[in-house]
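First the structure, in the form of structure tokens, and then the observations on it.
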Amino acid sequence: RRPTETILLSRQCGSNEYLRKKNDPHRYCRKTCAEHTKCGPIIVPEEHLQQCRVCNEEEWQCGPAGSPDGKGVRDADFVLYVSALTTERCGQEDIIAYAAYCQLEEEMDRPIAGYANLCPNIISTHPQEFISMLSTVKHEIVHALGFSAGLFAFYHDDNGKPLTSRSADGLPPFNDTLGLYQWSNKVVRKAMRLWDIRGNKMLRHDVFLLATPRVIDEARKHFNCSILKGMELENQGGMGTELNHWEKRLLENEAMTGSHTQNRVFSRITLALMEDTGWYKANYSMAEKLDWGRGRGCDFVMKSCKFWIDQKRKKKELVAPYCDILRNNPLQLTCRQDQRAVAVCNLQKFPKKLPQEYQYFDSLTGVPPEDLAYYSGSVEIADYCPFSQEFSWHISGEFQRSSDCRIVENQPGQLVVCVGTFLHLLSLIGFRTPKSPTTPTHVCWGVGCQCRVSCSSQGLSVWVKDTAYLCSRSGQVLTVSIQMNGWVHVGDIICPACKDFCDFCPPDRDPPPANLTRAAPIGRSLFFFSVAERTKMQETANTFLQCNYPLTVIVCILMNNVGNLNGV
């Protein structure tokens, strides 16, 4: 619905006491208005403000006072005030930016003004981090437009009726414990999950579900779970994160989860939420593809990650999108779920035992049984479930590059796909053609950014130089042999899932005998999933892998003491 008038904001009150009169749309202050009206940390220009309206001490004589209405903002749906101020909140750990709405319109409660403050000490100007910085700004704007726990009680249905009943003053009831207006079950409802933990035990795990109609429909379609009654909201992270984002465990790199890991995407689920506010019409053709959790069923979305990992282990299948590989020396690298970045599993040891609710492992290779309670994923708001994360290289604390294959500054050439390989992820044996008097051998443990993939009626093919290698099934190991610059390069590539790249995929099948491929043992195969952690991985080795990429061939060399490997 288009605005019918110029946007003019109400003034704030000097005593922070506000009064309303029956059948009067204006808000009044007791005795006096504040000298300045702020939207977050930003002082609102005088020309954007209504005339001050006050009531005397007896509260029966009310009217305008001071300078008249300003010019306001014409032909706008929403006014966003943007600042780059070093505020107290910027001093909190990992805060890049923050935002909120400031004022709502009278008739439909739609936000008409909001702010976004970018923390100057955290915002990066590195070209490699531009995409993540931009997604952070978009994320904050979406909060100001409607994805906020403070606005849930003000959502409307398609007919313009409030989804939460109103009191005599026209407002929803206020929840003093939460410090928010209390929403109805039509918007957010509680649910209970049976939660598997180590030792064959099960706990009660309480969650909040965003339960508006379009969100339910999109969540059911995304996870392929018809009994889902809503999309989980974040249950950790404290004020500002909890209830104000999607659950990280379930929608890892969705743009409206509570931390930036990697490759943020605005999915159909977030667009559905914005349309369910009653204030917007979503253009779903602009939704970005979300791979995390897609089609994985009710067990994935309604049970703990321990249940998922255990079931996959029993079936001798990959535990993706989770992982169970410890960060060791040397690092074992893998690919992000969308094959667009090199990643590392964030499974780590904590200095203290994890809360019982987040103890997931009955066994881990190389870990004594008495220490298992100390191991879990590094990201708290993902319920400590371990998954593979993007990372970055730092030298003397200065950012150098990230592991995203799509960013030109990270890798030479137009490299768009991360390809993993057998055993320690990659073994390349280089040897000279027969004229060479020697046969040098180079072995690299790692993954690399491969050039491209293609789709056909036969399924997914991985291209190395000018040769296409057809993948018959996910996890299939392709033996690759190419000649370039007088060298023969031999190695193994593990096929990613066809559905991660192609709209049409034939059923998984055994490769033809002439393909000379083999199935990767479950204990050594790669996991194709994603994520970048928020904390630095200072314990990583001083020796790690750096890959050079002449044309489309991966050539890896071992580098020593180049710098520190850090989580984003």
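Just so you know, glycine gets a Cβ as well, placed from its N, Cα and C.
These come from TrEMBL:
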ACT_SITE  Glu140  active site
BINDING   His139, His143, His245  Zn(2+) binding site
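His245 (Zn(2+) binding site) falls within neither a helix nor a strand when secondary structure is assigned with DSSP, and so counts as coil. Reduced to three states, the DSSP call for His143 (Zn(2+) binding site) is helix. Taking the centre of the Cβ atoms of His139, His143, His245 as the Zn(2+) site, the nearby residues of that chain (Cβ within 8 Å, site residues left out) are Ala99, Glu140, Val142, Phe147, Asn244, Ala255, Met256, Gly258. Cβ neighbour count for His139 (Zn(2+) binding site): 23 (other Cβ atoms within 10 Å of its Cβ, all protein chains included). For the pair His245 (Zn(2+) binding site) and the residue listed as 'active site', the Cα-Cα distance reads 11 Å.
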